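Novice: Let me begin by handing over the structure; questions about it come next.
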Amino acid sequence: SSDNGRVGFVLYQNNKLFQSRIYQSRSSFSKQIVSGNIDGGRTSGIEIAFSPKYDTSELQLRDHACVFWDYAVNDWSTAGCAKGRDHFLRCRCNHTTNFAVLMAFQTKYKYAKPLEYISYIGVGLSMASLVITILFQILTRKTRKSSVTWMLVSLCSSMLIFNIIFISGIENQNARNHSSDTPSYYQHYLPYDTASNTLLTSDTVDPPPDSWCTAVAALLHYFLLATFMWTALNSAQLYLLLLRAMKPLPGHFLVTTSVIGWGIPAAVVAVTLGATYREGKALNYRQEEFCWLAALDQKQNFSVQKPMLWSFLLPVALILLFNIIIFIKISVSVIWKKNKNLTRNKKDSFMKKMIGTISVVVMLGITWTIGYLMLISHEETSLVFSYLFCILNATQGLQICILYTFRSPIFKKKVAELFPVFRVTEVPLYLHSKTYYVSKSQPAKHSQETFRSTQTFSENISLSTFPN
């Protein structure tokens with residue numbers, strides 16, 4: 001009859017013949033196009049049900065559009081098509097041509113709970129330790145007249161502020177909330193709707209713009225760079241103290257170090273933001289999941305073009321190299337070379353300062369080396385590095401507190417006064433000494449020298465010398 005005809009379908013295994021200027025694909029999904037044609041008879045429309053295959057544990061379907069390839073504009077079009085959904089993605093069009101379903105996905109972020117617990121507990125302990133160290137340095141020393149104290153307080157302050165911002169704002173809550181807005185896209189949406197069947201522009205859905213997350217990333221970037229910069233200034237200060245034989249440094253030294261310690265990190269952050277940040281393209285500077293510097297490309301591979309490398313890892317590497325050179329020069333000068341200007345007490349005091357500074361630098365260096373390995377490793381290895389990074393990063397403040405506060409004799413004395421149970425029993429030790437005054441007499445023809453005490457003692461002292 002006139003209503004009968006032959007139906008033919010062609011399945012294209014990829015979209016090489018259908019390159020859209022509007023719909024941009026940023027994922028590696030396989031893309032198939034169905035072409036339908038009916039010879040003879042009449043068609044009032046066609047309905048197609050799609051069941052896309054994707055990893056539901058990592059991706060969440062946010063939207064879809066029923067489209068066909070419009071040869072007039074050489075692009076996808078939604079004209080004459082409507083969409084619906086139940087357990088499938090359904091399309092209905094009033095014509096037969098090359099059909100496709102354009103889909104947009106949202107990334108599901110998975111968080112390891114133990115890592116969160118380690119971070120919160122460790123960072124909280126680190127923050128408390130840094131506060132104790134800062135208060136101890138301020139209350140027990142003349143801070144504004146001591147360059148050593150001022151630089152240590154600056155180092156602890158930058159690390160403390162970094163930890164406060166880290167614990168309160170590192171996670172992009174906007175991205176989390178956005179990914180949980182729609183528990184499941186497969187909800188009943190029938191009959192078909194034409195108004196909502198609009199052409200999509202990408203196969204991934206980014207969270208709404210969040211200037212707050214960008215500000216958090218910039219602050220974290222700044223204070224962490226400042227922390228490393230103050231370690232370099234501590235090393236430089238040790239070297240200058242060595243050259244001056246532990247004499248006080250000039251007054252302008254504090255002003256100079258403050259400008260360098262707080263100013264250079266600010267300049268690096270400003271240049272990075274100016275080079276990468278654009279309105280609507282915040283992900284050029286920061287990540288989507290966390291409010292931290294962007295490091296990975298669209299294929300989740302570490303990218304040398306992202307700011308994580310050239311605005312953070314490279315400056316940190318240069319600072320660590322500077323510290324290594326300074327420590328080598330100091331070690332050679334103190335251990336292998338004899339410095340007449342360094343007394344025994346000064347040398348011991350200097351070595352304690354150097355060991356404390358080296359310990360902080362080594363801990364920071366190891367921590368962020370592991371952080372870099374975490375970014376470039378495969379998933380299984382990356383998880384191990386993630387645990388190591390969280391543990392080391394969360395305990396840096398505690399290490400500083402142990403080195404500069406708990407081991408201090410002043411701190412031990414204060415604790416003993418407040419808590420007598422920690423007081424160490426003092427055992428008096430009396431040392432007796434005698435001083436001998438001797439006179440020398442030289443016999444005329446005798447090789448023996450005799451010494452006699454000018455004081456009245458019961459013993460005589462006689463020393464003999466033998467000719468060569």
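Cβ from N, Cα, C; glycine included.
As listed in TrEMBL for this protein:
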DOMAIN    1-109  domain 'GAIN-B'
DOMAIN    115-408  domain 'G-protein coupled receptors family 2 profile 2'
TRANSMEM  117-136  transmembrane segment
TRANSMEM  148-170  transmembrane segment
TRANSMEM  219-241  transmembrane segment
TRANSMEM  253-277  transmembrane segment
TRANSMEM  312-336  transmembrane segment
TRANSMEM  357-378  transmembrane segment
TRANSMEM  384-406  transmembrane segment
Novice: Could you give the residue numbers and ranges of same-chain residues that sit at least 6 residues beyond the transmembrane segment (312-336) on either side and whose C-beta is under 8 angstroms from one of its C-beta atoms?
Specialist: 221, 224-225, 228-229, 231-232, 235-236, 238-239, 242, 268, 293, 342, 347, 350-351, 354, 358, 361, 365, 368, 372
Novice: Determine which recorded stretch among 148-170, 253-277, 384-406 has the most C-beta pairs below 8 angstroms with the transmembrane segment (117-136).
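Specialist: Answer, by Cβ pair count: 384-406.
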Novice: If you count Cβ pairs under 8 Å, which stretch among 148-170, 219-241, 357-378, 384-406 touches the transmembrane segment (253-277) the most?
Specialist: 219-241
Novice: Same-chain Cβ contacts of the transmembrane segment (219-241) under 8 Å, 6 or more residues past its ends?
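Specialist: Same-chain contacts beyond the flanks: 147-148, 151-152, 154-155, 158-159, 161-162, 165-166, 170, 247, 249, 253, 257, 260-262, 264-266, 268-269, 272, 291-293, 311-312, 315-316, 319-320, 322-323, 326-327, 329-330, 350, 353-354, 357, 360-361, 364.
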